[in-house]
Amino acid sequence: MNTEATHDQNEALTTGVRLRNAREQLGLSQQAVAERLCLKVSTVRDIEEDKAPADLASTFLRGYIRSYARLVHIPEEELLPGLEKQAPLRAAKVAPMQSFSLGKRRKKRDGWLMTFTWLVLFVVIGLSGAWWWQDHKAQQEEITTMADQSSAELNANGTNSQSIPLENSTTTVPEATPAPAAPVDTTANEQTPAASTPAPVTEPQQNAVVPPSQANVDTATTAPAAPATTTTPDTATPLPTDQAGVTTPAADPNALVMNFTADCWLEVTDATGKKLFSGMQRKDGNLNLTGQAPYKLKIGAPAAVQIQYQGKPVDLSRFIRTNQVARLTLNAEQSPAQ
């Protein structure tokens, strides 16, 4: 009767209560049980309170309970009915397998998307390259056109400058011929032959004076010796006065100074529309131009030229960065505007 009563009493107790009573009879604490079973104290507490943690699989929970029972010397057969209630076996949720055709369809769709993306990228790159090439080609054609125009203007100016000396020579020849206008002086030459001796004295003066003075020299040679001495200082006096009248022009405050580090095409126009320079300037060349401000400049290679206006450098960095033909205007206050 006593054994049957104790058996019925044990069945009435839950698994957790039986394990806790057995632990207390052995004088073990929850910390000691957790260290021996290599479990957390919270897990031992949940087992004794008949709790099944949601994050713990039932298979692991049943294994922990069996290890706990062996530790406190409780037969596993006595705990099996309680285990079925406390930690029932739960069927694992198996995710439905995706068909191979679905994955293949998705992969095919991703492949089309990547192909379209690469196609758009190539089109954008191609359009950008074509735009850059057209812009670069247009700049090169513009530079070539300006260079051809400047060469044509230089050739035209060269032909005009060559024709001018020929016209001057033809006009000056008749001016030198009126020398026979002194037939009256021949009688003086016959009467005073000694008057021809001062001629060597007047020869250096003939080299330094203009052709109209030659007539004065001829008349001086035909005069007597005494007047000849008085005319020599008169003919010599214009020389120092002409030299003193020649003065070097003062430096123009609006002068435009340019130094070239490479070959560069250039065109400079002043306020009156006069082209001060138009053509190709070579490396290590220098230009010093003066005119009426403001100046309009066209520079084919801005990186190859250094400009000083009113003693201050002109900033061309914005044209150098974009690598394009520089078009700017230099005002009297040195404010370059595109």
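Keep in mind that glycine also has a Cβ here, set from the backbone N, Cα and C atoms.
Feature annotations, reproduced from Swiss-Prot:
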type	residues	note
DNA_BIND	30-49	DNA-binding region
COMPBIAS	170-188	compositional bias 'Low complexity'
COMPBIAS	218-240	compositional bias 'Low complexity'
DOMAIN	19-71	domain 'HTH cro/C1-type'
REGION	155-240	region 'Disordered'
TRANSMEM	112-132	transmembrane segment
Handout entry: Within-chain partners of the transmembrane segment (112-132) [C-beta distance under 8 Å, separation at least 6 from its ends]
Key = none
Practice task
Determine how many residues of the domain 'HTH cro/C1-type' (19-71) DSSP places in helix, in strand and in coil.
Solution key: 38 helix, 0 strand, 15 coil
